[in-house]
Structure formats: C-alpha cells, structure tokens
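Residues annotated as transmembrane segment in TrEMBL: A:30-50, A:62-81, A:87-104, A:111-131, A:188-208, A:239-258, A:279-310, A:322-340.
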Amino acid sequence: MSTLTSPSAEAAPTGIRALAKRVTPQLDTLPTAAAVVIFVGMIVYGEAAYGRIVQFNTLSNLLINNAHLVILAVGLTFVIVTGGIDLSVGAVIAISSVAGVMLINAGWNPWLAMLLMVLIGTAFGTVSGILIQYFHVQPFIATLAMMFLGRGLASMLSTEPERVPDDSPLRSLGEQLKIYDGPKVNDIVLTPGVLIAAAVVAAAFFMLHRTRTGRTVYAIGGSEQSAALMGLPVAKTKMSVYIISGSLAGLAAVVYTARLGSAQNITGIGWELDAIAATVIGGTLLTGGAGFVLGSVVGALVLGLMNVLITRDGGIPPEATTIITGGILLVFVLLQRAVLARRRE
Amino acid sequence: MPESLPIVEMVGISISFPGVKALDDVGFRLFPGEVHSLMGENGAGKSTLIKALTGVYKIDEGEIRIAGEPRRLGGTADAQSAGISTVYQEVNLCSNLTIGENVMLGHEIKGAAGINWRATHRAARETLEKLGLGHLDPKQSLATLPLAVQQLVAISRSMVAKSKVLILDEPTSSLDANEVEQLFTVIRRLRDQGVAILFVSHFLDQVYAISDRLTVLRNGRFEGEYRTEELDRARLIATMIGKDIATLKSLDAKASRRVRSDEPPLYSAKGIGRKGAISEVDIDLHRGEVVGLAGLLGSGRTELARLIYGADRPDSGEVTLDGEKAEITTPAKALARHIALSSENRRDEGIIRDLSVRENLVLAVQARRGWARPLPRREQDALVEKYIAALGVRPADPERPIRLLSGGNQQKVLLGRWLATEPELLILDEPTRGIDVGAKAEIQEYVAALADDGLAVVFISSELEEVVRQSDRIIVLKDRRKIAEIEGGHGVSADSIVTIIAEDALGDERADAVVREEVTS
C-alpha cells in the first residue's frame, strides 16, 4: 500500500553513527570540562610564576571574596538555561543592600531587614517574570528596564555609602571562622556567606537535575513550543526562573554587604555581566537548553582567580583585567559554537 | 467495535472565527481500539476539530464527552490529563535532552532524593520496548535519531501519559515508505492494546491501509461516518468535495475546455535539470494553458518551478522563449521576460507581515522598476484598487497590514503582486494550501480565467484532485524526475495519477529485484 516511494535501503547503524553516539553525551560537558581545565591551569601557572597560590589562605579568600558572584551566577544559570537573560541582578544588589542597611540603621530588626533584602530581589524577579511571560517583553528589555529601575531607586534612597554598625548580626554573616589553624596565617577560613553560597549551589544542583521543575527549565531551553505541547508548566517555570534569579540577587546583596560592612548605590555596576560571563565560561549555552550549575561556580572562580593573579603579577595594569576577561569569554564562546556546530550535524 | 462505548464523543460542535464558521454542528465519535481517519479537503475543519479536542480552541456550542463524562478542555495539559495526547506533523520534542527524558518529561519517577534517574530510564526503556523500539538507548541524545524515529519517540511519550486517545496529525508527511511502515506497525500495536487513534493524512493510500473507520468533513460540516471497507476511494473523494461522481466527471470535462493552440510554445525547455534538485526534464508551456505539476511531497515539484523561474540556476539544458534562446538564471531575468513565481511558503517567502496590502501588492512591480524609480502613488493606488476588486480581497482596505488578513486573502494579494508585473507565464506553487474553502474556490476560478485570457500557468498543489480539476495538462513527477505527461479531461482522476506513480514505484522495485538477482547470481 505504502510503496509509493521506492523503498530505501535498510538503515543500518553505521560506524559513524555509533561514534556519534559515543561522542554526543560528552559534547554537552565539554565547555564545562574546559573551564575546569583552565581553572586548574591558572592555579598551576600562578603557583609556578608567583608562588603562594596553592595555600589555604589564598583559596579561602578566593571563596570568601567571590561568594556573592557564585550566588549570582547560580541564579543566572537558571535564567540562561531557559534561553532568557537577567540584566537586573547588579542593580538589585544596589537597591537591596542600600535599603537593607538604611533600615537596620533606622532601628529595624536586622534579621527582618535581611529577609526584606532577599524579598526585594524576589519582587524584582517577579516583575521581570510577569513582563516576560504575560506581556511578552523580550527578557533583555524587561530586565534592562528593571536594572534602570533598581539603580534609580537605590540612588533615590542614598548616594552616600551607608555603613552597617559593627555589632549588627548582618556583619556576623561576614565574620571569618577559622576552621583549621595553619602555620603563620595559612589558615582555612570560611564565612557564613561562603556556607550560604555552598548551600545555594547544592540546592540549585538538586533542583536542576533532580526535580521536574528543573527538567522543565532544560526543556524550555531546548524548545519552548515543544515544552508547552508536551503539557509541561511553561508559564509557571519561566516565572520561577526569574523569581529565583531575583531572590538570589537579593541573597547575594546580603552576603556581599555582610563582608564589606557598607552599602552604596553604585555597588554592583556591571556585576550582571560578570555573572553572565561566569555562567558562559562554565559551559552554559546562551541559546539555552544546556549548562551546569557547577560549571557556573567554576566560571565565577576562574574570574576571581584571574583577579588574584593580576594583583600578584603587579606588572599587569588593572585596566587590562577587563581585556583578559573578554579574551577568556571569547575563547569559551568560540568553543560553544564549535560544540553547537557538532551537535547540529 | 461500535458496540462498546465511545471514548470520545463530540456532539454538535460549532466554532466560529471572525467571518468564518469553521465548524458547524459537527459530531465525531472515537472508539477504543480503532484507528479512525478524519478526512476532508484543506479548510474542511479537520485541524479545527482536532484543536477543539486538544483544548487549543474553545468550542462555541456543543459538548465533548470523554468516556461518557462531559469535559471542558482548557489547554494541552488539560487534554493530557483527560487522556488525550497529540503527535504533530513536526516533531515536538526537545533535542537537547536524552531520548529517555523526552519520553518521560513530566512523568519522571521520583525517589527519596528527587528524580530517580535509573528508574526513569528503565521506565523509558520499557515504554520504548512496548512499541518495538527496544533497540534505542534512553540515555542517548534525541538529536542523534532520524526524524522518523523521533516521531515514534513522541508517540511512546503519549503512552507514558497513559493516554487512551492518540491523535496523529499528518504524522507521515516527512517519512519515507519504510518509515511509514514502521509507524503503522506501532499504530497497530497501540490499537490492539485498546488505544483509540485519530489519524489524519492527506495520503489516501495510507488512510486505507490503516483505518477502520472514516469521518468526512466538508466546509466545516459533518458529511458522514463510514466503515473503511464500505466506502471506496472514488466515493470518498466525491464525499470530500461534495459532488456526486457524475458531476465530478462533468467538472473534469469542463476543466479541459481549453484547446491547446497549434502555435509554438511560449516557454520550452530541453533537458533542464539541476544536480540534487531535479533530473533533466523537457517541458513546453503554451499560452492559454494550465499545466499542473503532480507528485507526492518531495517529488521535485517546487524544484522544477524554481528552475523555470531561475530561482535556482539550471546546470544543464536549454530554454527557449517564443522560439528564441533565453538565459533565465536569476529571478530578475525571469521577471524581465515576464515570468513570475508565487512561492509555496506564503509566510516566509511571500508576504511581508508588517507591510500593508498596498505595499505588498506593488512590491514585485517596484522591484522590476528598480529602487531608483519609485512607483508614483497614484499608479500604486490604481494598481491596488484594480487587483483588490478583481481578486475580491476582503477587507478591501489597501492600508491594512497584511498579517491581519486571512490566509486566503493574503494569497489573493500575492497573486495580485505577480499579476501586476503583467506576466506571460505565471507559476503558482501551492496557491491554495491552508486557506479556507471559499477563498480556494475563488482562486481556482481566477486561475482558470487567467488562462482563458491567454496566460500560461503552471499550477502546483499537493492535492491531486485539485491539480486534476485545474489543469489542461499534467506533468507527473516522482523522485525528482518526470515520469509521465498526460492530457487532462475524461478518464484522468486523482486515482489515475496515483496509479501512474504507484506503477512507477513497482517498476523501481522490479528493477531493484533484477539488479539484486544479477548481483547474487
């Protein structure tokens, strides 16, 4: 009946297909693996060239100083895996930290103020999500608008650095806890901020890889239309990723302010781009559908370590930092393009 | 089968869109363990009925009963929870995920620590095995599978959702014969497991091969429900287009009223072809004649049209226009020689969505004049007025953005765009695809009138019946070559073209067999 077209030869699995079968699952992890390789390479190079890199205190400081960036990068991983973007996180940090510190200084319960700092981020994320999902505004534009809004509100609150009282519980989140007392100052030191970041990473990993919501995030990144036709809760999930990204930006504001001890309206300018860079370096495709939260952590640490190495070198002008960041980013984006091209075959 | 209770019962369904009654008091029944084909011409209301059943469209009147219970369906997720799954023409899966995940998405098996991937992959494998796809590795990426197998994965997905109703909307349009057979094996297996299957295809052979019953729609109305064996093809087609067989014959006769003149052809090509697109073809096109290109999807219809128009450069053969040698290697050269092509892809290669009807209509004329010589507004208005009236574009508002028009009216504007260039040869690739019946009839009549006025027309449609009705002469293509050229008129029907194609396929098989024998001996 159905021999209208001439029957083609039986499709037997050929050598090439068998090979593709073996290579493809690893193509997804290739950029992340590359990020790990680069991170290790940077450590080895730094140790050889400058010394005192593979030391407890250096690595501890790397974590302490980049805890907020790790949290931001985790939030952006959610958004970028769906194929979206969130440009508002840097400005959310500004408004959230300035508002929080001012409330503490005005006599609010510090814990309540900290909760409010997170909720400010939640509110920004919710508005972004509504604009994107229900008003069909491009994620780039919607979160850009929220970025200007956040920055503007922070500047309206104050243009002066707002200091946190030293005895405030907020500061205690930035307090250094000595875990292991090494010789001289070579100690393993952590802050509650680092622990918060670690908890965020673990929760995000669980959510993305072990829950249906997480898998829906990946499905939306693969094809939003298909996800909808499969009956997955697309609207709810897209809202969730922006709410998660906003809330984590609020949390990052708490962690950062706790470490620094003050808040200012110009805090966090360009951090959204650092966080995007960390995510991309960690192997998340900007087109969505592929990426790992642990990769984003490595990406954030690559950026942090680069700053350490530049400081240690002393010969590289600080202005060159952004050029080097750009260079690393370019390498990773080119790598991703190669992966995508392979996948399309 | 009909002794048991229907799993789906749609009663008195009506759905209206602005200006069109898409479904008018339509009834439909689907029983467990049957394959039921929904038949009708384009625009008959098949897809509207499916979308009503999958919760995409709200019904204005009527009732949908699932397993006897009245249900209101508010969306895909709603329909799925009612046990209705749909597999579409295009594969709707996520190619960034593994096969197993695509099968199980939304139904992953949960353990103490979130999703238990081992159990999930095992469940995916079991589901795939049930459909004879046990050889697939659930951990492999979906993107590594050929399209046809992805289609089967999409079907196994609906089995995970424990669907009692499976809707297959044109699932075979991009599959080859082996793949169709593979799909049918899966469909029969599901049917035997008691799943009710609603099948839509425009390939009559496939419909007869797989269906137990047929429901025919026409113009948004219910025409009848039949057992497949009690309705032969001729009567099915007659029911679909709403004419009894005798009238059909007279319509065929009327269609061939134009007599080919003895004058030399307007366009004549000897052995034009292009590697990978279409093998060498001879073709003559006369003034005042409609030549149909018939063939299945992928048979080379569009490729031949593009070659004639110069959208693709032929790499062999020569072309004469009115007896003079001509080089038609680019669309600009074709336009200069009064050849025009209206593309099959109305959305991407045809209309420019945000421009107005007027701007869309004058586009080709303007292109021929060159951008340095803009068409004066008064001439534009005159042209637009003329074609809006002649083609009956509704609404007759030249300044309305074309995206707000219905598909049929967009097509009329496109027709007007090419007519405005005053072509002598007009190639229409699928001018009636996806437009409602009324607009379709108007376009068909207009095309006939154009030929009467002395235009040479090439008419392409995937609906063989339409090609037969419209054409004075039919060129039959298969596997990117011309296999026959027949005069329209008495004795020519969609069936006879299908027979020609099928016989040619049989010939291929025989030839293959001979080759095989020679190889083995």
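Every residue, even glycine, has its Cβ placed from backbone N, Cα and C.
The transmembrane segment (A:239-258) is not in contact with the transmembrane segment (A:30-50), judged by fewer than 3 CB-CB distances under 8 Å for residue pairs 6 or more apart in sequence. If you look at the transmembrane segment (A:62-81) against the transmembrane segment (A:322-340), you find fewer than three C-beta pairs under 8 angstroms, all six or more positions apart, and that falls short of contact. Across A:30-50, A:111-131, A:322-340, the stretch most heavily in contact with the transmembrane segment (A:279-310), judged by Cβ pairs under 8 Å, is A:30-50.
For the transmembrane segment (A:322-340), the list of distant contacts is 27-28, 30-31, 34-35, 38, 274, 277, 280-281, 283, 285-287, 302-303, 306, 310, 316: same-chain residues at least six beyond its ends, Cβ to Cβ under 8 Å. With a cut-off of 8 Å between Cβ atoms, the residues of this chain six or more beyond the transmembrane segment (A:30-50) that come close are 281-283, 292, 294-295, 298-299, 301-302, 305-306, 308-309, 312-313, 328, 332, 335-336, 339.
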